[in-house]
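These notes concern the structure reproduced below.
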Amino acid sequence: MSKQEELLIQWGDRVKACLANLDIKSLGRVGVLLGGRSGEREISLMSGNGVLQALLSKGVDAHGFDPGLRNPTELATEKFDRIFISLHGRFGEDGTIQGLLELLELPYTGSGVLASALAIDKIATKQIWISNGLSTPEYEELTAKSDWNAVVKHLGLPLIVKPAHEGSSLGLTKVKSVEELPAAYQLAAGLDKKVIAETCIVGDELTCPLVGQGNSAEALPVIKIIPPQANYDFHNKYFSDETQYLCPTGLTAEINAAVQDLALAAYQTLGCRTWGRADVMLDKKTGKPYLLEMNTSPGMTSHSLVPMAAKAAGVEYADLVLWLLSQTLLQKEGART
């Protein structure tokens, strides 16, 4: 048994021990935030409803709250004791709802205001990772006045163009020629004021879920993603039965460990907490892993990856949800950000 497998089993055992000693009533009245106003609303509804049903199945006094249909300030009148955030993208994963919950003094799942705001900004995230010596593809911020030929000279082809603040591959284009760059920029700019282009790393697409905070944070098993036609777009992420997910990955123990170490460092340098998921590309020529993005509010749908990794540790979906919520009991007043 590898060291990573041993650590995984230990984490699963700690989760089970935590839940065995958990007083459900101590959680009080729980609000599950779902839906929202971002381009990922549909996925958030799927995640949130799954979370809500899981909590109800465990006897938690849980209630859904959709800030896309209601004014978020109405949270103040709901008398919730804590919040499970199942929102994705802007106005849910970017520090805004976290700031409101801080003002309301409501403990919540996921990262705090600063880490959330940093992680959703792909450019700010890259700057922090690079300053900490973590590998991530070369990039440029694009504008309508960008010199497309200079961009290609810097980043090479193919390259990736995407909105700086969107997730779920929304507005993402794989550009194979300089002539395709203007249209790719316009597509991304239609969703976001900031657009990023980055070198396309060709190789295995991986993701690594993470849990915990600070020095006690841990990396869960790496998952290898094999989408149809090597296209892991919005549809193939959430609705396709053709996308394959390998856990274990079939890669060497050394590569899995390197990816986990990189993902964990990425999580810690951003100051993330509770849980997250780092997306990584493994260069097929060099075997070097490159960080793409950090998700601070990962999906919890039937196709989602964090539940898949947790299951490898013997932690079922409903238990994972309950454990994540239980972590809000550890948050201290004034120390949540």
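Backbone N, Cα and C atoms are what each Cβ position is placed from, and that goes for glycine too.
Taken from Swiss-Prot, the feature ATP binding site applies to 152-207, supported by sequence analysis. What Swiss-Prot records for Asp279, Glu293 is Mg(2+) 1 binding site, and it gives sequence analysis as the kind of evidence. What Swiss-Prot lists as Mg(2+) 2 binding site is Glu293, Asn295, and the listing cites sequence analysis. Per Swiss-Prot, the feature domain 'ATP-grasp' maps to 126-326.
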> Leu187 (ATP binding site): which of the binding-site residues Asp279, Glu293, Asn295 is the nearest Cα neighbour?
Replying inline: Glu293
>> At a 10 A cut-off on CB-CB distances, which of the binding-site residues Glu166, Glu180 has the highest count?
In response: Glu166
> Which has the fewest other Cβ atoms within 10 Å: Leu187, Ile201, the binding-site residues listed?
Replying inline: Leu187
>> On the three-state reduction of DSSP, what should I expect for Glu180 (ATP binding site)?
In response: helix
>> When you rank Val152, Leu159, Glu166, Thr173, Glu180 by Cα distance to Glu293 (Mg(2+) 1 binding site), which of the binding-site residues ends up on top as the closest?
In response: Glu166
> Within the chain of Val152 (ATP binding site), which residues six or more apart in sequence place their C-beta under 8 angstroms from its C-beta?
Replying inline: Leu159, Val178, Leu181
>> Within its own chain, what residues at least 6 apart in sequence put their Cβ under 8 Å from the Cβ of Thr173 (ATP binding site), listed in sequence order?
In response: Ile160, Val161, Lys162, Glu180, Ala183, Ala184, Leu187, Ala188
>> If I take the alpha carbons of Lys194 (ATP binding site) and Asn295 (Mg(2+) 2 binding site), what is the distance between them in whole Å?
In response: 18
> Hey, how far is Glu166 (ATP binding site) from Asp279 (Mg(2+) 1 binding site), Cα to Cα, in Å?
Replying inline: 14
> Relative to the Cβ position of Asn295 (Mg(2+) 2 binding site), how many further Cβ atoms are located within 10 Å?
Replying inline: 23
> Once near-sequence residues are set aside, which residues in the chain of Asp279 (Mg(2+) 1 binding site), 6 or more away, have Cβ atoms under 8 Å from its Cβ?
Replying inline: Glu205, Leu206, Thr207, Leu291, Leu292, Glu293, Met294, Asn295
> Highest CB neighbour count within 10 A among the binding-site residues Leu159, Lys194, Glu293?
Replying inline: Leu159
